[in-house]
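K.L.:
To start, I am sharing the structure in question, which I have written as structure tokens.
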Amino acid sequence: MARNKIALVGAGNIGGTLALLAGLKDLGDVVLFDIVDGVPQGKALDIAEASPVEGFDSVLTGASSYEAIAGADVVIVTAGIPRKPGMSRDDLIGTNAKVMKAVGEGIKANCPDAFVICITNPLDVMVGLLQKYSGLPKNKVVGMAGVLDSARFRYFLAEEFGVSVEDVTAFVLGGHGDTMVPLIRYSTVAGIPVPDLIKMGWSSQEKIDQIIQRTRDGGAEIVGLLKTGSAFYAPASSAIQMAESYLKDKKRVLPCAAYVDGQYGLNGLYVGVPTVLGADGVEKIVEIELNADEKAMFEHSVNAVKTLNEVAAGLPD
Ligand code: TXD
């Protein structure tokens, strides 16, 4: 049986880390693609040279032409530019929207049966454009943000409670970052919801509120420390978990930017919701009942996504 093929469009910080993780986890052969010639080839060779030490047999190649992604089973897209000082969000949308057009067309022509994970920001808008330009079924195109946001939330909660990160689960909804909606009544330590842990004296509401804010600002905290770029290790781990659930048909329940049509009273947009990811891509959207506070936070988040979608819709094609 042939190995799976994973195409990484964008060979920057996240792309390179994705390639290394795909190798370490034996997920399949990897093609790194970038418009900057030499970088994808150099990173692929560097990681291939680690393979004898690490003991994986994936074939890693780098390319600057879209034919190289032909027949990919999974495509993870990080291509684009990150925000620089002095740039407006509209500038970022304009540039990255053009990138999504090129990437979407490249996917359509070369690997229309792939499962596509978008990482490029602003995530909820870019994933919608990628689906539009690739023409792939909506269940086969998703965005990565919720796994990262909930991983950050889990990490901070584990630190606060003094327990293993493995025993902390977190449930998040909504757009990426600032407007993320953490559902603390569905976030647990070994099944015990956070509000109960507060009652048990393990933490206080104030402390949990601070953790929620730190999670929402998680990306900015890393940018502030790195100064020259944004987070890449945890984003790459998060996307690999999604790819693995698809390739191995694990049916993990993971929060993704998925196309919502009917659920949560929404029609026809990409936004962060819990999903079941398996061999059919997004196999189910998990719809839970929200209380009034949660509903208000979710609406705020959805409105932020809609506003950016309108900006994107007004761009020249
Ligand atoms: O949670 C999330 N979704 C995110 C998103 C978390 C962290 C970072 N997030 C976003 O991912 C970030 O704002 C960026 O939009 C992407 C990629 O982040 P990365 O840190 O990997 O950025 P780099 O290092 O600048 O890499 C981007 C690469 C770079 O090598 C460019 O040459 C390439 O993209 N690029 C392209 N490749 C192919 N095709 C085109 N058109 C193209 N344009 C740029």
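Backbone N, Cα and C atoms are what each Cβ position is placed from, and that goes for glycine too.
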K.L.:
The NAD(+) site in TrEMBL includes Gly10, Ala11, Gly12, Asn13, Ile14, Gly15, Asn96, Ile119, Thr120, Asn121. Which of Asp26, Asp29, Asp34, Asp113 is also listed there?
P.N.:
Asp34
K.L.:
When you measure from each Cβ to the nearest atom of ligand 1, which of the binding-site residues Gly10, Ile14, Asp34, Ile119, Asn121, Arg152 fall under 6 angstroms?
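P.N.:
From Gly10, Ile14, Asp34, Ile119, Asn121, Arg152, counting a Cβ under 6 Å from ligand 1 as near, the near ones are Gly10, Ile14, Asp34, Ile119, Asn121.
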K.L.:
Mind computing the max CA-CA distance among Gly10, Ala11, Gly12, Asn13, Ile14, Gly15, Asp34, Asn96, Ile119, Thr120, Asn121, which the record assigns to NAD(+) binding, rounded to whole Å?
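P.N.:
Largest Cα to Cα distance for the NAD(+)-binding set is 17 Å.
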K.L.:
Whole-number Å only: compute the distance from the Cα of Asp34 (NAD(+) binding site) to the Cα of His176 (active site, proton acceptor).
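P.N.:
So the Cα of His176 (active site, proton acceptor) lies 25 Å away from that of Asp34 (NAD(+) binding site).
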K.L.:
Do any residues at least six apart in sequence from His176 (active site, proton acceptor), in the same chain, have a Cβ closer than 8 Å to its Cβ, and if so which, in order?
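P.N.:
Counting only residues 6 or more apart in sequence, the Cβ neighbours of His176 (active site, proton acceptor) under 8 Å are Asn121, Pro122, Leu123, Asp124, Gly143, Ala145, Gly146, Leu148, Asp149, Ala257, Gly272.
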K.L.:
Helix, strand or coil by DSSP: which one applies to Ile14 (NAD(+) binding site)?
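P.N.:
DSSP assigns Ile14 (NAD(+) binding site) to helix.
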